[in-house]
Amino acid sequence: MTILVLGINHKTATVALREKVAFSEEKRLSALNQIEQLKLAQSTVILSTCNRTEVYLHNKFIQPEQNSAWIDECVAWFAAIHQIQLTDLQDCLYFYQNQQAVTHLMRVACGLDSLILGEPQILGQVKQAYQLAEEYYQRAHGLGKSAVISSELSRLFQKTFSTAKRVRTETNIGESAVSVAYAACSLGRQIFESLQELTILLVGAGETIELAARHLLRHGVKKLMIANRTRARAEALVAKLESPFIEILSLSELQDGLNQADIVISSTGSPTTLISYEMMKQAQIQRRYRPVLIVDIAVPRDVEESIVKLDSVYHYTVDDLQNIINHNLSEREKASEQAEEIIAEECAAFFEWLKVRQASNLIRTYRESADEIRQELLEKAQFSLSQGESADKILDEFSTKLMNKLLHSPTLVMQTMVKQGDSRGLQNFLSVIKK
């Protein structure tokens, strides 16, 4: 088996270069077609995310002496399809083969190679990449589901999916918050029994607020307010979130939002504070001092620190969240060690399956070859008999030729073992013959 993965990721390349080598769906289909036409691989899966672009190629016909040239061809194709000079890729492009490639794919799918350790989204992206490749081969060849990606590459990806599921089940790799937005939402779940009946106020409309909104909506929040200086940006964010449970406020309406909110998460670029002690005091009077969580992620801060003096106000800053994140990252690091052990086990299991498959293929090929020899000699013998030749003579010739032809390949193998000094192989061969 020859599986090659080549690619770049957030560790090896800048955002600018990663953008250049990204595959749109249309470009991905074109790439799969090119690889097939150039005979670079029998089957290919292309993974393209904001943090990585990787091409997984399977070519079972590559011989050891052809390997280096094949890799060069694949790299040249990768540069050509993205219209990039090879020199621009030299320090950024990595490639792995066979066992290293299998381990790498499993690490990627389990989130061990991600920007955020253990992030779960990558598994869905790997599954989607595999599904797109399957659909391409089905359409390209006009065949049913039985004739798609090569069995080796298919088995590898199926094994990878089950490995990722096992890692999620048996370790805590995805349990703890390791992003500021997620940590803020996790605090809310710790302080309040349920988020579903709470009113949430988000101040700002940037990436962190978007992530926080997605987390909250995923946990069933039914009333979400977004306050932002520029209404157009808030509207654009609401359009992306596609939820009917969001209300937009202007900053002049911020006090109204505070009067209702059980959780406030603020992340703006304002040079001055937006939420003062007096505003929170008024809000708490309106709220009859029900508990409120204020998470100030902004730098400089959006919320006056003195609000901690108010009753039932839980106030956290970005530094507090960073401490939580650092602790959680430490926990994920421990879980990642367990995940690596699981990956090593599953990788070994995949190669054990591959050995059995290759042995079965070898045996089947040898038996088919032997049957072809038998059929050829049998036809000749039958023709000789029909011509009235001696049956004893024909049977003797048939059996002698059959023996010589069938023993030719094993004899060559034994001669090679002798030349290579493979005494163990010869001993195993001899023990089988004696049986």
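Cβ coordinates come from backbone N, Cα and C, glycine included.
Secondary structure from DSSP puts CYS50 (active site, nucleophile) in coil. The active site, nucleophile annotation in Swiss-Prot covers CYS50.
Annotation source Swiss-Prot lists substrate binding site at THR49, CYS50, ASN51, ARG52, SER114, GLU119, PRO120, GLN121, GLN125, citing sequence analysis. The Cβ of CYS50 (active site, nucleophile) has 12 other Cβ atoms within 10 Å, all protein chains considered.
DSSP gives GLY206 (NADP(+) binding site) a coil state; it is part of no helix or strand. The feature NADP(+) binding site is assigned by Swiss-Prot to GLY204, ALA205, GLY206, GLU207, THR208, ILE209, with sequence analysis given as support.
Taken from Swiss-Prot, the feature site 'Important for activity' applies to HIS104. Proximity of HIS104 (site 'Important for activity') to non-local residues of its own chain (separation of 6 or more, Cβ distance below 8 Å) is seen for VAL5, TYR96, ASP113, given in sequence order.
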Sorted by sequence, non-THR49, CYS50, ASN51, ARG52, SER114, GLU119, PRO120, GLN121, GLN125 residues with Cβ within 8 Å of centre, substrate
GLY111, LEU115, ILE122
Enter the number of other CB atoms within 10 angstroms of the CB of THR208 (NADP(+) binding site).
21
Annotated substrate contacts THR49, CYS50, ASN51, ARG52, SER114, GLU119, PRO120, GLN121, GLN125, maximal Cα-Cα distance (Å, integer):
15
Around the NADP(+) site recorded as GLY204, ALA205, GLY206, GLU207, THR208, ILE209, what other same-chain residues have a C-beta within 8 angstroms of the site's C-beta center?
LEU202, GLU210, LEU211, ALA212, LEU237, SER267, THR268
